[in-house]
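As recorded in TrEMBL:
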{"type": "TRANSMEM", "residues": "B:44-66", "note": "transmembrane segment"}
{"type": "TRANSMEM", "residues": "B:87-109", "note": "transmembrane segment"}
{"type": "TRANSMEM", "residues": "B:115-137", "note": "transmembrane segment"}
{"type": "TRANSMEM", "residues": "B:144-166", "note": "transmembrane segment"}
{"type": "TRANSMEM", "residues": "B:186-209", "note": "transmembrane segment"}
{"type": "TRANSMEM", "residues": "B:221-244", "note": "transmembrane segment"}
{"type": "TRANSMEM", "residues": "B:273-298", "note": "transmembrane segment"}
{"type": "TRANSMEM", "residues": "B:310-328", "note": "transmembrane segment"}
{"type": "TRANSMEM", "residues": "B:340-358", "note": "transmembrane segment"}
Amino acid sequence: MTNKKFAQRIGCVALSLFLSGCIPKSIIDEVSLMHYIGFDREKKMLKASVVYPNYATEGNSTLLTAEAKNPSSLQNELGHKSQFEYEVGQLRVMIFGDKLSRYGLADVLDTICKDPKIGVIRIVISDGSPDLILRKTLNKSPLYLKNLIDKSIEDEGIPDINLHVMYDQYFGSGIDMSFPNLKVDSKGDIKIDGMGIFKGDKLKFKISDKEAFLLKLMMDRNKNGVYSFNLDKNEHKGNIGVRILYGKHKVKVIKEGNQEKAKMDLTLNIKLEGLPKGVKLEKERDLILFKKALQKSISTEAESLLKDFQANGVDPVGLGRIYKVNRSNYSEQNFYKMIYRNMKFDVNTKIIVRQTGVGNIES
Amino acid sequence: MKVNVEKHFQVSAFFTFFLIHSSQTGVGILNFQNQVIKGAEQDAWISLIITGVITHIILYIIFKLLDEENNDLVAVHHYCFGKTMGNILSVLAMIYFWLASLTVLRAYIEVIQIWVYPTIKTWQLCIVFGLTFYYLIKSGFRTLSGFSFWGVVLPSFLFFLIYFPMKHTNYIYLLPAFSHSLSELFISSKAFSLLFLGFEWIVIYYPFIRRNPNSKNISKWAYFGNLYTIIVYLIVTLISFLYFNQEVLQQLPWATLMMVKIVHFSFLERFEYAFIFIWLLVVISPICISLWACTRIIKRTFSIPPKASLKMLLLAEMIAAISLQEFKSIDHLINLTSKVGIGFVYLYLPLLLIIKLIKNNFIKNRLNKI
């Protein structure tokens, strides 16, 4: 009796062990784990370029391209060109070419939203075709491009954009998408160059590095980056870069007469590295003068950036979303047609000089 | 009709906490968000509290329903409706329990198919899981309560994961707060009640919990179990509302798993795969406890030994799970179960209590007359 029971139990265990062999398996050397994928539009077709490292042969990474009419068959087309099956599970960066961004990303974005295998990836756009950029990454280390973008977002004043933020901005009302922009510079290095601002799923216009940093100050929690400005007051002249360590932003939309006004308060803690000749921060007067000049510079530039957005009819800061908070009868269309167009902007900056380094400040 | 369960089959009252909590948490928590926001949108967390409180009241009703004399559902049915009618009603309750078990199993298999192995067949998973369930349920109620203990304790470390989405939360998504009418809140409440279903199996395993003669121990632990469920759901709901805005929640059906995507460690890029399999520990308890309750009802009504009925029930469940092929039919199954469950728990049980009280009165009156 006990023997029979024992045999039954062993049988059960053995059966479940064998059955787990039914699970589909992927052997790491026998899949193409793509790290980067670039999408662009070519001759009315969707073109994808993928980069995957060759772990088996220890060679450089490989770049493959394929064209198809829709994103799903694209994967198939790519599969026809490679010896191993594709896996998108380790995808880190997705690049959209200029033509596709201007044509509209909806097809591709809807497909990624439905694919549970894609993790929280970085999404960027590029000047020209993504091929140019991906080709440059081939002889670098496999995660080069991902680290480059991560670091720029962490320290160098590019707004934090990833798949989650994309969902938020793409589906959410009262905010528009924006992605960092990549380009290959004249020396042949990959470089982050400003951002692209979208309206709906279409690229509307691009902003410079400096403007991207201002945008980051207005929307991100992390405000790390360097702001450079021209000091031109009395006898002090020169271009300085200040590093912003951390800070806060507070955005409000208030009614002023018939107009809505977006009021933005920035509190920024900065670190001074170099100062132009003649500015001595020990002197109270110089410090105040310097702070005022910096505050004014940031405020005016931020205001003109907001006006720029307004003129182009885009809202990457998400003012619509802030407007919505206190109004139950909000409609996105109405807001952008009637209110946003006539909105006024008021940016107030408060600077706190936290550090001036350890060197002798008197020079 | 009192059921006497021998002492060595019983578990201590403390386990009620784990039994109640673990039978409430199933697959629903992985994707409830886009259902519950249909009425009250960002205010749906208020509906959650409403549902939680109502569930508390139902638990109170259940403890009123079960007393010294009639200490499980079958006995109550016999007492109120007589033998034949009572048996019919018990069998109907059993069908609902079986349906609940099937729903959790099929929904979990669907999660695995969608997220991890798109090409795996339902029958393969069914056999692997079916053997596990058979082994667990056959070992009896004590093993099940032990399992539900570990099914609550082990996955509780997953709570630390809320640190990762915390970094991306935005309080603005909860505003404007309190802007929905009561009827909208109730629509969301109804959607939430699916998440709370499962605690009602206590009407079957109640005799298996050891009682101290002097105390209200069992009900105390049961209330704590439900309270813990409310807290867990509240945290998950609030975090997902703060992490996603409402429009995104409408578009993404698997919000909890989408939220887990943001978790990554330097040695583990995609945590949601680990999460899904850790979740197996959580879903085993509701599937097994409800199936065990089915076998118990069959034993009490027809005196068929659980061993035989368990095989039949499991087989039927596997066949039903395999025959649901379209993704739409799984939705229909979930809808059906939630409707039946809401009817059973929130309407039928209170009604049963009223009938029982009337009957009590009636008998008392008659005794007085004699």
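Positions of Cβ are set from backbone N, Cα and C atoms, glycine also.
Keep in mind that this is a model prediction, so the values were computed, not measured.
In terms of C-beta pairs under 8 Å, the stretch of B:44-66, B:115-137, B:186-209, B:221-244, B:273-298 lying closest in packing to the transmembrane segment (B:144-166) is B:273-298.
Between the transmembrane segment (B:87-109) and the transmembrane segment (B:221-244) there are fewer than 3 Cβ pairs closer than 8 Å, counting only pairs 6 or more residues apart in sequence, which means the two stretches are not in contact. Segment contact is absent for the transmembrane segment (B:115-137) and the transmembrane segment (B:221-244), given fewer than three CB pairs below 8 angstroms at sequence separation of 6 or more. The stretch from B:44-66, B:221-244, B:273-298, B:310-328 that makes the most Cβ contacts under 8 Å with the transmembrane segment (B:186-209) is B:44-66.
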